[in-house]
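One structure is given here, and the rest of the page talks about it.
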Amino acid sequence: MIEYIDNSEIRRKLSLIKKVAVIGSGTMGHGIAQVFAAAQCQVKIYDLREDLLLKAERMIIQNLEMMKKESYINSGEQKETLAMLSYSTDLFEAVHEADLIIEAIPEVLEFKHQLFQLLETMIRSTAIIASNTSTFPISKLAEACTFSERLLITHFFNPAHLVKLVEVVKHEDTLPWAAEEVINLLKAAGKKVVMLNKDIPGFIANRLQAAVVREAFYLLEEGIANADDIDQVMSEGPGMRWALNGPLRIADMGGLDIWEKVTGNLFPELDCSTEAPRFIVESVKQGNLGAKTGRGIYEYSGTGDGASDIRDKQLIHLLKM
Ligand SMILES: NC(=O)c1ccc[n+]([C@@H]2O[C@H](COP(=O)([O-])OP(=O)(O)OC[C@H]3O[C@@H](n4cnc5c(N)ncnc54)[C@H](O)[C@@H]3O)[C@@H](O)[C@H]2O)c1
């Protein structure tokens, strides 16, 4: 973990990043834009169509309204954040003055490469470019761009306006000032930043999550317990501890002699499949994508907005603790 002096106000004033462009206003993009707007950057959000931008604006308004209702921000902060945001379907207009450009478009390498090639002709020669990719190593992203010395991964978590963690990955060419600027800004925005020492697919968090999810679907498919019980085992047990201490510290606290037995005895028993779980593949084929389509592992009313409202309220309560 990078540690800087904790004086976000001074850091913010000294930061070179005043203007931010967010490309892609979907699940992640709108929340990322909100984070930078709340940190007093002028933020332009770009998407392919006007209706997508209107949806993003609506979601940011709802996010801020809930944060105010739950007394996490005041109405001054709500207004100031909204005033820092603007929306555009013109890519050049969105990016040409930006100090930092964050892409949050779909996880398709070809799309990201095409976008980088377009950006090359439009952005300032000192602009920093960050990708919110969940899985691609930065070496893959850099293959199709001429700005690898200003390229980073900033991996936010859904919902980006509430989850504190951002994983940062540098390319071997990334200049130290570019990483430092972005990390300082993220910290001033209240984020917890972890920078990886090496480039690896899935970074840290998604590798840890994927290991747990693989086993969770194995237990479900084998009928060991129903979905609700499997989820409860996690949230009432390990999840509760993991909110406060990571798996390595917990291993230390339990005793490494015990964990030698637990891992040695259990590793040979664990699922080690190398493909997406059958349950997920079948659900996707049937168009059951989870909360957003009303059905996944559970059933939801409408488009699942109620479920994300509850999740966001619970996260705000956790943050206030
Ligand atoms: N959803 C998550 O939980 C999550 C978490 C962390 C990281 N990510 C990563 O963030 C990125 C975005 O994911 P998302 O879930 O927000 O996707 P999304 O589908 O919700 O949003 C993507 C947005 O990008 C727009 N878009 C598509 N092609 C574009 C282009 N060429 N130029 C500009 N905009 C374009 C789409 O119109 C859409 O609004 C992906 O790389 C994903 O892996 C997602």
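Glycine residues also receive a Cβ, built from the backbone N, Cα and C atoms like all the rest.
The annotation NAD(+) binding site is assigned in TrEMBL to G24, S25, G26, T27, M28, G29, D47, E107, K112, S134, N158, K292. G24 (NAD(+) binding site) is surrounded by 24 other CB atoms, counting those within 10 A of its CB over all protein chains shown.
Annotation comment: TrEMBL describes 19-199 as domain '3-hydroxyacyl-CoA dehydrogenase NAD binding'.
For 202-300, the entry in TrEMBL reads domain '3-hydroxyacyl-CoA dehydrogenase C-terminal'.
What TrEMBL records for H155 is site 'Important for catalytic activity'. Proximity of H155 (site 'Important for catalytic activity') to non-local residues of its own chain (separation of 6 or more, Cβ distance below 8 Å) is seen for N132, T133, S134, V166, E167, V168, V169, F203, A205, N206, given in sequence order.
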Inquiry  = DSSP-wise, what's the residue breakdown of the domain '3-hydroxyacyl-CoA dehydrogenase C-terminal' (202-300) into helix, strand and coil?
reply    = 65 helix, 3 strand, 31 coil
Note = Expressed in angstrom and rounded to a whole number, the NAD(+) site built from G24, S25, G26, T27, M28, G29, D47, E107, K112, S134, N158, K292 spans a maximum Cα-Cα distance of 24
Ask   = If you average pLDDT over the domain '3-hydroxyacyl-CoA dehydrogenase NAD binding' (19-199), what do you get?
value = 97
Ask   = Looking at Cβ-Cβ distances, which residues of the chain lie under 8 angstroms from N158 (NAD(+) binding site) while being 6 or more apart from it?
value = T27, M28, G31
Ask   = In sequence order, which residues at least six apart in the same chain have a CB under 8 Å from the CB of G26 (NAD(+) binding site)?
value = D47, L52, A56, A104
